[in-house]
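Asks: Take a look at what TrEMBL says about it:
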type	residues	note
TRANSMEM	B:6-22	transmembrane segment
TRANSMEM	B:60-83	transmembrane segment
TRANSMEM	B:95-117	transmembrane segment
TRANSMEM	B:129-148	transmembrane segment
TRANSMEM	B:168-187	transmembrane segment
TRANSMEM	B:227-247	transmembrane segment
TRANSMEM	B:253-280	transmembrane segment
TRANSMEM	B:292-310	transmembrane segment
Amino acid sequence: MTDQTYVQLLDLACGAFLLTGVLVLWRRDLAAIVRLFAAQGAALAAIVIVLGVRQAATELVIVGLALGGLRAGLLPYLIRRALPERGGPDAEGRETRPVVNVASSLVAAAVLALVAYAVAQPLIRLAPSPAAHALPVALTVLLVGFFVLVTRRRALSQVVGFLLIDNAITATAFLTTNGVPLVVELGVSLDVLFAVLVLSVLTNRMRAAFGGTDLDELRELRD
Amino acid sequence: MIAAILQVVLVVAGAPLLVGLMRQVRARLEGRAGAGVLQPWRDLRKLLRKEPIAPRGTGWVFRLAPLLLAASALVVTAVVPLVTTASPLDGVADLFAVTALLALGSVALALGALDTGTAFGGMGASREVTVLALVEPTILLAVFALSVRVGSTNLGAIVNSTLDDPLAVISPASVLAAVALAVVIIAETGRIPVDNPSTHLELTMIHEAMVLEYSGPDLALIEWASAIRLSVLLGLLGSLFAPWGIAGADAGPVALLVAVVALAVKVGVLGALLAAGEVFMAKLRLFRIPELLAGSFLMALLAVGASFFLA
């Protein structure tokens, strides 16, 4: 792979990673949010595979493929199973009224992107490589994920926010170091998988017990 | 010089045909026969023959607005690189001038609508300015993201550099800028999902509410200028992201012919895609429009960020 194609492919994958992360803020439909999350998983896998092919490291390519399988396939499947069926209670499949409205949260995302760019500059200066230059992208997604986590009301969109943070952390790890050891990555992935399993069971129990997953309503005391 | 004149003539004559093509595509997809591609020209001819009528109490602002709108659209047509990158006005006109000219036309029409003193005119003007306030910065930012790579805000220079290095189009900055620009072009030209060009329902209309009081030649001028703006913006989108076929500084007649055909094909395809998309889409509620435009503004901002930091 020549230098130019490498940089172009890496930048393209990072751009897709960023775009899907930001679009999660824009959509209200939970099913669409899960689809975006799956697309982001694929973009993350693409980043890792491009890095692996560049360094001619088979292990990294395998890690990338496994990441793609987990984050673009298994996790979205698990979350989708926890989604309410179509034709159920009307407001349940949508993020109807987030704490911060959508237009403001998009503007907030713009500010978060600028913050991430400012924060990443000293880190990039340590080792200016094309991969390190993409670091602000991962940090932006990290902040956006955190924003989703604190401003959304439905349990499932909060789970997606948590997973966005996790995707961003993985991306940061791969972009700053030249590949994370297989064992570490396996441990992290297994952790996330179990977290999602537990959270999806919890969501289903919540819906069975309270008829909805609006977390704000859980603050009220009931008999 | 010849190329620039050719460009203006082509856009002036072709813009109503583009509107006709888009209506025809919509009609076919909806199972109707359609009125034919030439219908907008027939409408314009009919309107031009009618007697101009101005509502009582309107002043020179009302009468000047269509002229200003049409004049600004014509100047933009002469400046933007569509057929040739070497327009005689190239030196004085860059991205900021083009955006300002577009805004001038919109503001003139909004003032003309306010001058009528009717409820619809005021409502339409208020909505148009709301959309405008979100659209103009996004156009600036999106093209700015492209100009970072070139180091110049001259549109001709941007198109030339893309011609020299076609692979540069496939970068995150230009992909994000393309999406942002596409959304604001839809908003600026008043198509679904932002505005419905074929409705006269008072709750939803934006552009139509402003032109309700115009009639005869004035209305013809406005319709024609709107068509020109639509084709220029679609052509600009084509030139910025797929500049193939555009003639350079000293192109021969063959190259010019190729450029004209390429422009017609590009604008035609983009228009047909837009029309086909409209069939499958519903108009957004008015209160959701700022959301859509904030999204495109964010994309444009990210494009600027990406062009600075990923490079």
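For all residues, glycine too, the Cβ spot is worked out from N, Cα and C.
Describe each of these features in terms of where it is and what it packs against.
Replies: Within the same chain, residues 35-41, 44, 74, 77-78, 82-84, 87, 223-224, 227-228, 230-232, 234-235, 256, 260, 263-264, 267-268, 271-272, 274-275 sit at least 6 positions outside the transmembrane segment (B:6-22) and bring their C-beta atoms closer than 8 Å to a C-beta of that stretch.
Beyond its flanks by at least six residues, the transmembrane segment (B:60-83) meets 3-4, 6-8, 10-12, 54, 89-90, 93, 97-98, 101-102, 104-106, 108-109, 111-116, 155-156, 159, 213-214, 218-219, 221-222, 224-225, 228-229, 232, 235-236, 239, 246-247, 256, 259-260, 263 of its own chain at Cβ-Cβ distances under 8 Å.
Within its own chain, the transmembrane segment (B:95-117) has Cβ neighbours under 8 Å at 55, 57-59, 61-62, 64-66, 68-69, 72-73, 75-76, 79-80, 124-125, 128-129, 132, 136, 139-140, 143-144, 147, 153-155, 188, 209-211, 213-214, 222, 225, 229, counting only residues six or more beyond its boundaries.
Only residues 6 or more beyond the boundaries of the transmembrane segment (B:168-187), in the same chain, are considered here, and those with a CB under 8 A from a CB of the stretch are 131, 134-135, 138-139, 141-143, 145-146, 148-149, 161-162, 193-195, 233-234, 237, 240-242, 274, 289, 292-293, 295-297, 299-300, 302-304, 306-307, 310-311.
Residues 3, 11-12, 14-16, 18-19, 40, 70, 73-74, 76-77, 80-86, 102, 105, 143, 146, 155, 158-159, 162-163, 166, 169, 174, 178, 181-182, 185, 188-189, 255-256, 258-259, 261-263, 266-267, 270-271, 274 of the same chain sit 6 or more residues outside the transmembrane segment (B:227-247) yet have a Cβ under 8 Å from a Cβ within it.
If you look at the transmembrane segment (B:253-280), the same-chain residues 6 or more away from its ends with a CB under 8 A from one of its CBs are 2-3, 6-7, 10, 14, 18, 21-23, 25-26, 29-30, 82-84, 186, 191-192, 230-231, 234-235, 237-239, 242, 244-247.
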